[in-house]
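Accompanying notes for the structure given below.
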């Protein structure tokens with residue numbers, strides 16, 4: 001994450017540059033607060049302000065009391081959790097990254113080193129797992145609209161629980177490492193936690209799979225199933241459904257445009273996740289398998305790619321804001337359509353009632369005429 005911290009979870013080949021042993025330690029070049037790092041800090045501050053404001057606004061919008069006539073949407077609950085994860089990234093990862101680049105070395109002590117590395121990875125796990133939950137929810141909403149939605153809470157709990165458990169190793173791997181001379185220097189690193197190089201590489205690959213590869217695969221499967229399900233002939237033909245099921249399905253799908261917006265929103269969340277983090281993780285893989293490339297790749301490239309990854313946190317509330325505005329317009333159109341349908345229904349009922357009254361009057365008149373003809377004529 002910083003000049004000495006090249007991956008999102010902190011373990012990097014860069015640590016070996018200054019935290020080695022013997023002659024490497026004495027002759028290594030210590031990191032400095034370079035011009036590229038200064039630009040990175042400035043951009044991080046801008047991202048922090050925009051992400052904090054946007055995600056706090058999303059939380060306020062989702063948690064405020066809603067009109068009684070509107071049923072709470074599952075999408076709102078899901079984006080409340082996504083906003084919470086983005087806020088965790090905002091208030092842990094961004095300030096930590098900016099401060100660490102300014103101080104260059106670690107000045108907060110061993111306990112803060114372990115705790116902040118744990119919180120940082122937990123925040124990034126949550127921000128990666130919650131879009132998967134959104135994809136699973138959209139898959140259930142599209143492919144099985146009549147099914148129960150109670151499983152969403154379990155999925156949300158599993159996402160947060162896994163984020164906590166998978167980040168726990170950070171508490172034991174990271175610690176402060178001190179360098180006595182020629183210039184005293186302290187850093188938060190994994191130096192000495194791995195007995196062999198392959199162990200560190202295995203841990204990095206495992207974290208990479210859990211942070212990026214597995215969530216990306218799960219989301220790709222979800223949206224592929226949605227596309228296949230929507231395009232299948234069975235889904236398009238509604239005439240084969242029983243009458244009762246068709247009526248119930250209409251009651252669930254009375255807002256198709258809102259459902260379509262929710263699906264588009266989930267797809268945009270997936271696309272932003274891919275676009276923001278793919279370049280940085282690919283660079284991390286390059287570092288792990290070819291540490292010599294550290295001297296060939298300019299540090300500014302690592303700065304740019306990580307800032308591009310942090311852009312994901314302020315983008316999510318913008319997507320939700322666009323979705324909310326679209327839903328409000330949809331609700332207005334829906335209310336207008338409902339009022340028109342209600343007026344048409346009342347006019348139809350009035351016409352039916354008038355026709356019935358006319359038929360009744362005709363029947364009464366014809367009966368009276370028949371009774372008059374049946375009266376016998378007597379002579380006086």
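Using N, Cα and C of the backbone, Cβ positions are placed for all residues, glycine too.
Per Swiss-Prot, the range carrying the annotation transmembrane segment out of 244-263, 304-323, 324-343 is 304-323. Relative to the membrane, residue 74 and residue 227 are recorded by Swiss-Prot on the same side.
For the ranges 115-136, 137-158, the feature annotated in Swiss-Prot as transmembrane segment maps to 115-136. The range from 205-224, 345-364 that Swiss-Prot describes as transmembrane segment is residues 205-224.
The transmembrane segment (304-323) and the transmembrane segment (161-178) are not in contact, since fewer than 3 Cβ pairs between them lie under 8 Å (pairs 6 or more apart in sequence). Counting neighbouring Cβ atoms within 10 Å of each of the disulfide-bonded residues (113, 188), the lowest count belongs to 113. Beyond the ends of the transmembrane segment (161-178), by six or more residues, the same chain brings 9-11, 19, 106, 109-110, 113-115, 117-123, 125-126, 129, 184-194, 203, 207, 210 to within a C-beta distance below 8 angstroms of the stretch. Residue 113 (disulfide bond) sits 15 Å from residue 101 (N-linked glycosylation site), taking the C-alpha atoms as the reference points.
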